[in-house]
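Accompanying notes for the structure given below.
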Amino acid sequence: MDDVERIQSENENLRKIRNRLMQWESKTDPLAALSIQQEEHLDVLTNLWRDSGPSAPAPTTPTQVGPTDSSAAATSQSGDDIRLPAEGLQNTNEFLLWFADVSAEIEQRGDADYHKYLQQLEQRKAECSHMLDQIAGAMERLGALCDEYDFVSQKTSALNTASEQLIEEQERLQELSHEIQRRLHYFSQVELLNQRLQSPTLSVASEAFRECLNKIDECLNYIEENPKFKDAAAYNVKYRQCLAKASGLVRNYVTSVINQATEATLHPKNNMPDASAALKAPDAAFALYYGKYQTAAAKVKRVAQLIESRSEHSLDYAQLMADLQQHYLAQRASVMSPAVNLSIQNVKVAHKGDHCSLTRSACAFLVHVCQDEQRLFYQFFSTGAPHLTVYLEGLCTILYDTMRPFIIHINHLETLAEICSILRIEMLEEHVQQNPVALEAFATIAHQLLQDVQERLVFRAHLYLQSDIQNFNPSSGDLAYPEKLEMMESIALSLQEPAPLRRSDSRNSMVSSVSSAVETESVATAYTVKQMNSPADLHGMWYPTVRRTLVCLSRLYRCVDRPIFQGLSQEALKLCIQSVSHAAGKISANKTPIDGELFEIKHLLILREQIAPFRVDFTVKETSLDFSKVKTAAFGLLQKRKQLFSMGSNNALLEFLLEGTPQIKEHLLDSRKEVDRQLKSVCEKYIKDAVQMLVGPLITFLEKAQSLLAQSTPATPQSPESTKASYVLRQSPWASPQQISSIIQETQRLIKAKLAVLQRSMQLYLSNRDTEFIIFRPIRNNIIQSFVKLEQLLTTNGYSTDDMIITSCPSAEQVSILLSSASILAAEGVASFAAAARKISTSSSVEGSTVGRKLSAMSNKSELVEEPKVEEVAGQIEVVPAEVQPPAKIEEEEVTETQTQANSE
């Protein structure tokens, strides 16, 4: 029973083991899942077992062992092998023995698989032990191999280190060798370069020559940078010799090419035109003087670039470049100097006597020559502007040498001014400013020539001012005032009258009507132009010295520098004022003082108006020495003779040096203010003479009465005779009311008779209503004031009411009405002339019209009008700009001027 239970329990255990083994490899939820690598190892072991031989027992996996299979095998085997003995069982003992044998056999058969598995395990154990022994042996051999590897590695590392050291040493030695070879290269090229430079086949324009120059420069620079090397000085000399040979080759080549071009230009072949014939044709001249050189420029340019690229870093190349340029310019000078000289001589012959055309043509020719020469020069070289400028200045000096003898003998200011304009405007401002680099030399010579012309112009202007202004002797026609103005005014009036209209002879002729319309329009246009200026303002009616002064200043203004013009204008205006004053004196002596003064006022106004457009300051600073203190210091020195050598602070000589120093004084002379001062003086004199002419008897009476009253007035106002002093004038026979009445009547008669003449003269000379009103206002006020003084004098000196009635002394209002009525009568008397003047005058100032309106309103007032100052009158007098010629248009008038020849040269 125990065996059966034991067997059952074993079977049960086997069943559990089988179930667990099945769960280990279950596809759904395995207890011990094998990885892919483990399965591969298992397959490898299986294959090894299969390959080991048929004697080896087949492996039995736990999954193949089970109780059902074991029992089935045991049953089948027990059915076959376990049999009863043939004799049978005789007794119980035999049965028990048999049963024991059967049980042992069953038990043995039941454990057969386990025994086989145990054998396999033992076999595997033996194999593993054997494998472990092999692994141990392999590990021993591997350890030995590692030891040997470490030994070899140490040896190899040492060998590698030694090899690297040797390689580094080899590289260092190679670098040292290369460095030595590189440095020796700069010393070993001397012979090779000498051989190349001495080769007869070497061409300067070839690439081999360029390489030679590069090597020479490289070696020279290296040796100069390392002067401490052995034999550096000797090799420097050798390379310098090579450079000298190369420079000689370049110099010979370039000079040969340039000389050939020069020879071909100066001595052309028979089929080429000669120089004299070529100068007459510009294209032929250009081909002759520039064709050969332009052909040679291509050969020289490449070689010149070799030198120019090195000239900035080497003085030898710079000197060689300068020599080549000097040779080129010398050859060009030998070609162009005679040609330029001949051309200028031809121009001089062609424009003989016409200095302006000669200057313009000669300068234009030199401008083209300078531009062509500059263009040709830069076809050969890229640098060298200073040498080119010197060469071009030499060519332009021919122009200067040709023109200067003419300039220093020109006497006419017009010619000198025109030459100045040509040089300054046409040449310097137009041509030179457009191309300043090419025309630098021409600008220098033109500026020198301009300075000579300006110097001559200033000199001739001084002589002109002295001869034609200061020493001007006017003729009777120059002083025929106011006859000249009256004649011109009559001509203006005759032109003002419109011609009677007439019908055309043929109404059907369109040509005749059109031509008549055109003719009428042209006549109207001419008449309009002629009536723009009044007779007194016409340029031809100016006094010759005024006209000449303004013409001279207008020419000098555009020709000379501003400081020079200021000095000349100061002198010219001063002489012009003196000349006008002298002419006014002669007119006053021949005609009346009024004519002379109006003549001077008009021309001073013209002079002031014409110098206004000049944008210069007419102020000139004059410096002088004041020696007034020198005399005082000298007297002090003589009085202190004993203190001449005194060692103290009272040394007489020291005081003389300190106190006797001349003082420098500066005086500012303003020509504009000088004109204003002269105008003020003349206006004052004219106002005085006009008042004297209109109310002369009244002024004489007032002066005589004032003198009498001044003599009879006591020294002290408290004197008892002071009350009788007021009757002294009344008791004088010449101051009786009847005499005063006759004086007043005579004065009124003079006003009525001469006021029209006075205003007529003002209108004739001044030709400007505003100016006439401004000048007439103080005359009017002085006349009114004279009558007011007379009335005050009669009132305060014992004249009774009956005496006042007898004298018929008018009041200020009555005098104003009298002057206004006389002015109206005068205006009616000269209505035609005033209308002509108003139509001839083109414009008037707003300020002047305002003043005129004030004067008209003033005439209706009975109050005494304050007398305006003469300075205000002179400041208010203005000439309408449209009535006078501007300085720019003065030269356009055809004015005949007489110029005397000066012998000061």
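These residue numbers are counts, starting from 1, taken along the chain as shown.
From the backbone N, Cα and C atoms, a Cβ is placed for every residue, glycine too.
Within the set Ser78, Ser742, Ser856, Swiss-Prot records phosphoserine at Ser856.
Here the candidates are Ser382, Ser628, Ser862, and Swiss-Prot annotates Ser862 as phosphoserine.
Cross-referencing Ser157, Ser712, Ser841 with Swiss-Prot, the residue annotated as phosphoserine turns out to be Ser841. For the residues Ser26, Ser129, Ser786, Ser859, the entry in Swiss-Prot flags phosphoserine at a single position: Ser859.
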